[in-house]
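> Pulled from TrEMBL, these are the listed features:
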- 68-175: domain 'Epoxide hydrolase N-terminal' (DOMAIN)
- 239: active site, nucleophile (ACT_SITE)
- 388: active site, proton donor (ACT_SITE)
- 445: active site, proton acceptor (ACT_SITE)
C-alpha cells in the first residue's frame, strides 16, 4: 500500500506531458503483451518430432542414407514349402448355416485354398508387383521399403508429390489399382506417388525394440520424403495410414500442403455426446445432416454392438500379439482365414450373412492372395500385429497427438461401409481446416483396393481446391 502511495505522489509531481507519455507507454506495453499472448494462442501447436533407433543393438555414429533399388523375388523352395504346408492343413468343420457369423467359413475356405494351391501363380504376381519401381533406404536403423511411381512425361504438367500409407491387414499392394489413376494427367497436373510399407509390414524391416508407434512411423516417413528431395507434399491414408499421415501433418505442417484421409479418427467428447442425444430428433441443431443420421443411428447398434462384433482381433493384438502371431505365422491357411475375414466384413457388414463372405463381389482371389503372400513370404504378420499394442498401450485420447489439432488443408472421405462413421462436425474437432468432406456413394474400409476410381476422384477434387486449379 505504501509503495502505491509513493508511486501516486511521484506520478502527481510530473507535468501533464510527462504523465501522458507514461500513460501512452504503459498502454502500448500492455497492448503488446496482450497481442503477443493472443498470437501465441492462435499459433498452431506442432507435434514434437522426437527421435528413435529401432535397429539391432546400439545406435552407430552414422547411418547409410543412400536409396537402393529393390526387387521382389521368390524361389522354388519358397513355393514348395507353401504347398507342403497347405497340403498338411487340418480344417475344422463349420456349423450348419453359420455363413460368416462365426468367422471365416471353412467350407468356403477350402475353395479359396484349392485355388491358392492349384491355380494361383505366385511367380506371375511377383512380376506384377515388380511392374512399379521398388526401393529401400535405412532410417532409424530399419530398412524402409517403398514404391515410387512417377507420372508419364507431359509438356506443361505440374508434378505434385503424394504419399499413400496403408494400414492393417493391408499393404502397399492395396494401391496398385489407384496408382495409374493418380499418375495420369488431371487438367495440367499429375501425382508423383510414394507408397511406403510401415516398418514391420511387408518388405520394411520390423523394429527390434519396443515402442514403435504411429509417431515413430510418421517421423520415419517424413525423413523418407526429405531424403527423396520433397519439401512440400500431400498425404493420404486409411486405417493406420490415416493416423500416421495425421501425425505427419502435426509434426511438419509447413511441409504438408494437404492431408486426405478415408478413415476419420477423432476423440469423443461432450460435442459428440450432445450429437448422440439430440441428433436423431433435431440433427441440424448439432451439425448433423440427414445422411449422418442415417449412418449413425440407431447409435448403440451401429457404434457399440457392431464394433464389439468386429473388434475382438484388436483386443488380442493390443495385448498379446505374439501369442496369436505364433499360430498364423506358422500356418498359411490360418493366416489367410485370419486376414481375409477382415476383407469380407470390413467391406460390407452384410457379407457376414453370406456363405462365401461376399469376398469375390469386390475383389479377385488373385488380388486377395497376393496381399496374403506379402505377409506370408516376409513373415511379418506378428510384427504387424504388434503395431496395435504399441499404439494402444496408452489411452489414445490422452496421447500428445490427440491434444494437438491438425491445421493443414484437409479432405475427408466418408465411405458408407467404414467401421465407424464420423460426421464433418465431429471431424472439425480435430481437423480445423477442412477443405472437402465427401459422403462417398459406396465402398468400405479398404477404399483404394475396393473403389480406386472413387477415391482417386475425391483426392483429385481435394487437391484442385487446395491448389486453386
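Using the three backbone atoms N, Cα and C, a Cβ is placed for every residue, glycine included.
Any TrEMBL annotation is an automated prediction that lacks curation.
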> I'd like to know which of these active-site residues, 239, 388, 445, is least surrounded, judged by other CB atoms within 10 A.
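Fewest other Cβ atoms within 10 Å, among the active-site residues 239, 388, 445, is found for 388.
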> Rounded to a whole number, how many Å is the Cα of the residue listed as 'active site, proton acceptor' away from the Cα of residue 239 (active site, nucleophile)?
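Checking the Cα atoms of the residue listed as 'active site, proton acceptor' and residue 239 (active site, nucleophile) gives a distance of 8 Å.
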> Rounded to the nearest angstrom, how far is the Cα of residue 388 (active site, proton donor) from the Cα of residue 239 (active site, nucleophile)?
12
